[in-house]
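Visitor: Pasting a structure here, questions to come.
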């Protein structure tokens, strides 16, 4: 690399195959020491110039690579100037996640209460009740031991693990299981769906952190994860298991929170029985899920203040009980009481762990609901408001229990001063409803992320806010959660039984989060191995210890939740498995460029004026369904654009980076490929006309840029004496619109095999008149109309396949695919402009 006088660093790159990133030896390495990764894509992949090595390496290069790999530094060199890369790099303003100042963090503190901390804030309603429901309290030391367990569970899990560590594992502000998975997939090619493109890393919101070569472990883990299909499958299975537990948690949370709040009526009104509590709880749940469709922005004005009042009530009641019953409970901060607790009552203490864990419920929801709040604001709120109020609340309840050992149920409501009883019951019920609603919203966000990454069937998604794209509503999932909640309430009928199931759901998610964050520590953060082992051993060991307790009580009815989570897991796994098989089959059966070349520019049919947008799932090659259109339709449009809706593992793709174009076949074929990229938080509800207008404008920009690049190549060719000298030239550059220098070591569109070079050369000459003619051709085609060509490709298992594969593909996956939404549904295409052809693949 050489520094020019203008301060611009220019990279002189040898002409080779497609290269998005290069391993370059630091400190003045020459061009021959570069190791390039190629991008094979049929006709779309440019052919290396004759002066290049063609992607091959000599023995010396191979040996050098082995010896020096760990001392190489991964740097972003100028990308090859093909259409995808130049299009992706044309960014007038780089997108970055919003940074928050200290002042704005303080303002956000109150706003985070209703959205993030509702679940963990309502845990004092039921924690001690579930802990002591299996056996009576016989001594004050039992209360101190149980309180010490609660205190250190709060400190270790919500505070130390989630607030100080896990929150930093967010994906550009997005939290949750799939956000962690997306972060891993972005830093290592760990996704099982083979539709990744090197140009995806050019999205400005991709924010790829380059692995540090100083840490050999990080590079080895990355290589191992990318090359092992077994590890990829295991990682996916862990993520799907965690997601199924999150959804199960979303079923148990409303049931547990609302029923525990309604139980206060039994204390205030002695005539209220358990059956009436169940009926009232069911009524509240129906109202709660019915209001879900209005969105957070419409009903959330009172959420923050209501939760603030609730936390103040917790602290106030705790202080009141400490003054009335004494401060002896402060001794519980000494962890030795945990040892005494297990020494005196080993079995009872072990069984109470499931109830103890409930004090940390909402920790995962706190991470999943991160969304539009900064990490600092969440940390400030938890450390200076939520945690002190929770500790005061538990200390007050323990102080009450120390003097009332026979009152081990409904402890929270019994400890309330009589003058404040009914106002607190009202606030508690409101807080429980808010906590349930926040958890349901987190489920919607998780489902949308899973859908975008190909792990959940497509469902109708309604965006309830114009300002915040994360506020969504999924009708089918909403009513499914309601029916499941009502079923759990009716079947269990008691917070003690629901509490054990609650612990199973929470621990399942927590353990998966621990494993994923450990991978992130090793792969991305590159933390010292000792710290990583301490994190994994401490938290996974602690969670497994808790899990052994709740699993021991699964026979009491909690097994129902495990079956529920297993069914959800199978749905997601079958969908991902079928989607992967379908995509791989379409890749194998795509049309060859030789066939299109033989058909000629008219494709063996009549080309009628107009634009045909052929939707498919391939990011490279011409889909087999296009051959079906050629044989089925009497004519084909004068311009064909293969549109692929592609989800990339980033939260948001900026609008000006949405479309990538590449020419398919020679110029006179008028065929292009377009990849429309969306992040898993993007809103895909564009107006049809706006979508078409943006697409055509992007196509015109691509054609102009292509002409500019050809003009630069032509100018360079005029200065050379022969074609051999042209081929051997090692430094051609392109000045992009943002002033960057890019390598033109590989031509933008080279002829494929079987094409007449002279004819193709003439078709690819870009002078001014040729550019004007093609733009005029695009305008005329647009005026003639745009037609959407949809190919529905279904898969069936071959006759010789195993019975299990036939069952999964022919019945389960077919059922899911038949009843889910089509990928084109969000564009609301008029039926008069829609053509559909079905095709079946045997897998």
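Glycine is treated like the rest: Cβ placed from N, Cα and C.
Note that the structure is a prediction, hence the values are computed from the model and not measured.
In case it's useful when we look at the structure, here is the feature table from TrEMBL:
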- 30-42: compositional bias 'Acidic residues' (COMPBIAS)
- 710-719: compositional bias 'Basic and acidic residues' (COMPBIAS)
- 108-597: domain 'K+ potassium transporter integral membrane' (DOMAIN)
- 609-841: domain 'K+ potassium transporter C-terminal' (DOMAIN)
- 20-63: region 'Disordered' (REGION)
- 710-730: region 'Disordered' (REGION)
- 143-160: transmembrane segment (TRANSMEM)
- 234-257: transmembrane segment (TRANSMEM)
- 277-294: transmembrane segment (TRANSMEM)
- 301-320: transmembrane segment (TRANSMEM)
- 349-368: transmembrane segment (TRANSMEM)
- 380-400: transmembrane segment (TRANSMEM)
- 420-439: transmembrane segment (TRANSMEM)
- 472-495: transmembrane segment (TRANSMEM)
- 501-523: transmembrane segment (TRANSMEM)
- 530-551: transmembrane segment (TRANSMEM)
- 557-575: transmembrane segment (TRANSMEM)
Visitor: Given pairs 6 or more apart, does the transmembrane segment (530-551) have at least three Cβ pairs under 8 Å with the transmembrane segment (420-439)?
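Guide: Since fewer than 3 Cβ pairs under 8 Å link them, the transmembrane segment (530-551) and the transmembrane segment (420-439) do not come into contact.
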Visitor: Residues sitting near the transmembrane segment (472-495): Cβ under 8 Å, six or more positions beyond its termini, same chain?
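Guide: Distant Cβ neighbours of the transmembrane segment (472-495) are 126, 129-130, 250-252, 254-256, 259-260, 263, 274-275, 278, 281-282, 285-286, 289, 292-293, 295, 440, 443-445, 447-448, 459-464, 501, 557, 560-561, 564.
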Visitor: Please give the sequence-distant neighbours of the transmembrane segment (301-320): residues at least 6 beyond its ends with Cβ less than 8 Å from one of its Cβ atoms.
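Guide: Hits for the transmembrane segment (301-320): 110-111, 113-115, 117-118, 121-122, 124, 385-386, 388-397, 412, 415-417, 420, 424, 427-428, 430-431, 434.
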Visitor: The domain 'K+ potassium transporter C-terminal' (609-841): mean pLDDT?
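Guide: Per the prediction, mean pLDDT sits at 73 for the domain 'K+ potassium transporter C-terminal' (609-841).
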Visitor: Could you pull out which residues elsewhere in the chain have a CB under 8 Å from any CB of the transmembrane segment (380-400), counting only those six or more residues past its ends?
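Guide: Distal contacts: 105-106, 108-109, 112-113, 116-117, 120-121, 123-124, 127-128, 143-144, 146-147, 150-151, 154, 158-159, 163, 311-312, 314-315, 317-322, 324-330, 332, 359, 366, 407, 411-412, 414-415.
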Visitor: Looking at the stretches 234-257, 349-368, 420-439, 501-523, which one shares the most CB pairs under 8 Å with the transmembrane segment (277-294)?
Guide: 420-439
